[in-house]
Amino acid sequence: MQDQNNSNTPKKKKLSFWGIIGIVASILVLLVIAYIIYYYVSQTTVLKRDFSFLNRAIQEAAKSATDDIYFKSIVDNPYNNSLVATMQLPENVWAALNGMTSTSTRIRVVTFEVHATTSMKNILYNEIISSIGGATPSFSRGLAMILGYSENGVTKAGEFLSTGAPTESIWSTVLRYGTNIIFLLLFAASFIFMFMSFRSQRGTGGLLDNKSVAQRIYSNKKFSDIAGNEEVKEEVKELVDYLKNPKKYSTAGARIPKGILLGGPPGTGKTLIAKATAGEANVPFFFISASNFVEMFVGLGAKRVRDMFEEARKTAPAIIFIDELDAVGRSRGAGIGGGNDEREQTLNQLLVEMDGIKENSGILIMAATNRSDVLDPALLRPGRFDRTITVGLPDIKEREAILKLHAKGKRIANNVSFMMIARRTPGFSGAQLENVINEASLLSVRENTNVITLPQLDEAIDRVMAGPAKKSRTISEKENAAVAYHEAGHAVVGIKIKGGNKVQKITIIPRGHAGGYNLMMPEEEKYNRSKAELIAIITSFMGGRVAEAIIYGKDNVSTGASDDIAKATRIARKMVTEWGLSELGPIKYEEDTDNPFLGRDYMKNASFSAQVGQEIDQEIRKIILAAEANAHKIISENRELLELIKDALIINETIVAEEIEYIAKNMKLPPAITKTKEDLHEEYSDQDFDNLFNEVSGKKIISEDKYVDDLNKEIKQLEEKIEANKSSSKSTVNEEKSKDEKNN
């Protein structure tokens, strides 16, 4: 019973170091406040006067035949060169001494202080002494000094005093030494804080202890929580099975991989796979970010690596997961700060622990990185990271599975097709797809709908890709029409050209830095593309610029095509320099990796001469100009389709693939858009309405083509220039060959 009572008794909390510091600081603050209050309360108000004022006052006292003007005391303070006089006198005399007038004879007592140096005091004393016949009284006979100055023999002085050496009050002592004490306490607190923080770096693994900085976590994730990445899951499942049943593999004489490296773009689920591994394996799982190894102190990173592996060996079988491995695993000797820095020392220790003298049986090392290309080769060799698995972006079926997984527990409208959403999200990572579902859920709550609708999912896709719509931006009808023509040009080329990107959605609502937004996707996902398909894609990109040139002329083309030009140029350059799809032949002039997260070279390998560089530029220009000419031909032959899609954008601001297909098939606006157009007619006059939609009495007017079609001429000139360069190169080679023959 006693034990029970004791167990229920609340334990007294020990006073921490910071609690003591807080109490001491509070006491010091209270003392300072008390001193300030005491100082101001104890201060007496003393009038300040000059030395001549004191002389006049003494003379007035000497001239008076009565005791109405009387010095109660004069205090000499030699330590601050002052005289403090206290006297009684009538109001009118006090006023006269201060240069004022008064008729009152009421007696008052005043105290005033005058500044007087030693020489000034001596003058005053000498005058007083001379007035009593030259006799020099002792200091204790100070009464006679003023008494002798009286002409009528009337007593005019009380005491003449001299202050002793000043004594320091307790408050002055506290104020003088308190600042030093506070400074010392703050210094000690800072030192102890640094010491304690280093001992408990991020909770564990400090300077002086042997605790590992790696966190031992318990995950509730399973492989069933991961959609897609089936091949990766199969690889990891094998490792988990080994940790659960090691005898099965040892009997077969198999050595399980010591390490597995997960690489790939961000958001593809590398860390999620590690969490699922921890949840499935049911063994100790140690998680650490590679950036936690390197700190400001030399040797701390290597120590943390040793501590982490030592703790894992004690609990084997175990899994160690290092996230963002490139923070510590970059190739040695490539740093600007020199080869023997703290990061490289940490990497060396990691290499030793993974495959060194000590055995790591029963320990599986997993790591994730977005930059596997920059890792040290010694880290990637067999025996350390035996397997390198690329966790890539999901394909259309995997995107559908990921969307369904994240949609569990959410109310989705019946007409929503996840396959259609997956088709509209090419290149999306798993994290982006999860964000799409979450954004749609937030829109559903904002719009107060019971279920997540298809328009909300479409808007969520747009928000993830290009940011929220800027609906409040004021755009003139003229600029709005120009944007509509631009986006309609992309759509027309995409519809009519074979192998090009098809438009899935168009909007003229500004998003991000763009005035409009066009979702263009290939008809089907492919890993390889032919030259014709690439040229068709470039032609689709040029459709917007060409449409503007046809309607407004080449001199009035806007800057809205900058992104299209950049994409088209990038594809054309790769066709010439990497893929061998030009007249220069199958030669690789430059090296650039499609996926920057699997290898990005900021300084491209350009191993060619200036003349070859000129030929490359000419080939790129030739491809772009040919695509632009083809886009002009397609749009010129489909001007009415261009106008209809432009009208649909002006009316609805956003149209999707189904509406675009309806317009292309029936050469008229869908019924819903037609009705909106009729309602819109009521807001405009007939003339303004016709000008907006290029109509007269409901019939389309196809304006004059303002595009200057000199592209074919430019292409011909380019071809002639290329041929001239080839002839020049051939003659140069022949001359060098003949010289060599002569020399031989």
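The backbone N, Cα and C atoms fix where each Cβ goes, and this holds for glycine too.
The annotation in Swiss-Prot ties His486, His490 to Zn(2+), and of the candidates under consideration, Asp376, Asp386, Asp395, Asp564, the one tied to the same site is Asp564.
Taking the mean position of the Cβ atoms of His486, His490, Asp564 as the Zn(2+) site, the remaining residues of that chain whose Cβ falls within 8 Å of it are Glu487, Gly489, Asn518, Phe541, Met542, Gly543, Gly544, Arg545, Ala547, Gly560, Ala561.
Using a 10 Å radius centred on the Cβ of His490 (Zn(2+) binding site) and all shown protein chains, the other Cβ atoms total 28. According to DSSP, Glu487 (active site) is assigned to a helical segment. In sequence order, Gly516, Gly544, Arg545, Ala547, Glu548, Ser558, Gly560, Ala561 are the residues of the chain that are 6 or more apart from His486 (Zn(2+) binding site) and have a CB within less than 8 Å of its CB. In this structure, Asp564 is the one among the recorded positions Glu487, Asp564 with the smallest number of other Cβ atoms inside 10 Å of its Cβ. Asp564 (Zn(2+) binding site) falls within a helical segment according to DSSP.
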